[in-house]
């Protein structure tokens, strides 16, 4: 479902976290307006309904639904602005049908800007945690006032994110690489540090956190570039002493030399076919450059086991708070440098990990196995996940933002960016489906595999994550990689394949891939029947073995052929249908030219009615607006004005046309003297309004006279 243009935060955002209400639907924003989109399930699949705009502010950075703790009580919606939060109470009117009543119950201002996920609701009570970079506070009476209690933050680090445990007794705040735990006492309304472990360091800078169990949280840590670049930096760049021989064994900033040389020979032999996507280390290149020079200015030496510390990858870590704090799981996140999105499904015990700056989503499942597996969901090259959540245990719901092409030579100057948003769902492949696909790799296009050797210490010290299907991927090896550069590689000789992939429809832009651990296979097929290879716009999967080679198969798999032929057949059928419509129009024109009048039009079939969507903007109060959307049947491409007036209770009707509003009139037959096409979107309002109306939903620019909440003046 297309949502339109929006201006959202660039990083650290999960727009679908606490954003779905069972009655009111999905709450989302375009940066200024508060929108509700109805959501319902049909045979386990999500279906999206109408979208209504219920409010407008100067800035909206996030929307969060409160918990369903009291049956019959109005829903609570927290609206996050730049430096303050407003809490609204929403309920359907008992007097008027389809009328939503919105009342502000609480407002809280902060001296510092709020975090990207600056509001976190308690799972069982009307208690809201508000987060800035310096402070964490809890509002415990949001339906009445803004009374709150602050957490006693120890240390000088910056807060990045926080979450409540599922039992609601603990607020866990992520500061740098440490988890600060606070116990919440609802009777005393107090927030005190944990008695047995107030601070727990996970060993990496925390990007996202989510509760997974009654006393367990999952955290995602980013790739520690500062530690990698700073670790042994002095040793790596020190000039050798006279007492030191150049042959003295020392550490290096690179991966295994044999591994790099094999990769280099492989790249040299296959350079004409494609570019290498393996790890290339600058220090190794410099050390082997200019062999004729016996004394380079900087002596670069090899480190033997830098990666043995496990600091060469971003990680997903499960932390349990019981009588002591323990790390129960730890697994690497391949290909995602800054994993700032986590979504957890408590039914299937499945975790989805993504990043606002990477076009793929990884899905893990929590089990006690030493051979975990991950499913990868790949987006288009210019798409980014802005929100991820589970609709069911096998269905993921995404809010995807498509970016405009930015010049990579210039760093972004703002923490926000413009996107074109859409909602989509993707079913995960479990059990038999996953097993069947992993048995025959040659019959599936785009399946990627990678493996790595595991030391005994790694197997004993790290428990990993696995999909329910049983196919798995292990944690990072201690000796095979340092930093893996994820890049695009154009394997197909078809020059326009990347462009064609970018122009693919949004329905087919999300692809699902499986990783398993037998051996490494990478396939790329040529474009068949108008469908180009998607590998040209995808990041390459990591490489860890010295014997791995990249190759392309010019013959597409059978399943891919059948799928492409079926898609081509559907496209041809649509073209033939358009030709039939053109022929009918030409026949009518010819008849009109010969007889001087148009032939009597035949009504369309009841199975294919011709209609338009009419959205009526109504003002509920001074600052609250609502949209009522109805489909209306067309009569030969025309609309009866009297029906529109009675349907929406209007006397004089205005219709939006570009930047202006046009008052509608009727001809002698009572129809608006305009013709409309099937499924046109029309926006109307009453011409007799007392105050300036807000702009229509989805408008790019908001005029200065647009009404704003009084709280926005602060």
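Keep in mind that glycine also has a Cβ here, set from the backbone N, Cα and C atoms.
Annotation comment: Swiss-Prot describes 567-595 as coiled coil, evidence class sequence analysis. Taken from Swiss-Prot, the feature region 'Disordered' covers 432-454, 531-564, 685-714. Per Swiss-Prot, repeat 'WD 1' is recorded for 55-98. Taken from Swiss-Prot, the feature repeat 'WD 2' covers 154-194.
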Residue distribution over DSSP helix, strand and coil in the repeat 'WD 2' (154-194) | 0 helix, 24 strand, 17 coil
Reduced to three DSSP states, the repeat 'WD 1' (55-98) has 0 helix, 21 strand, 23 coil
Looking only at the coiled coil (567-595), report the model's average pLDDT.
-> 81
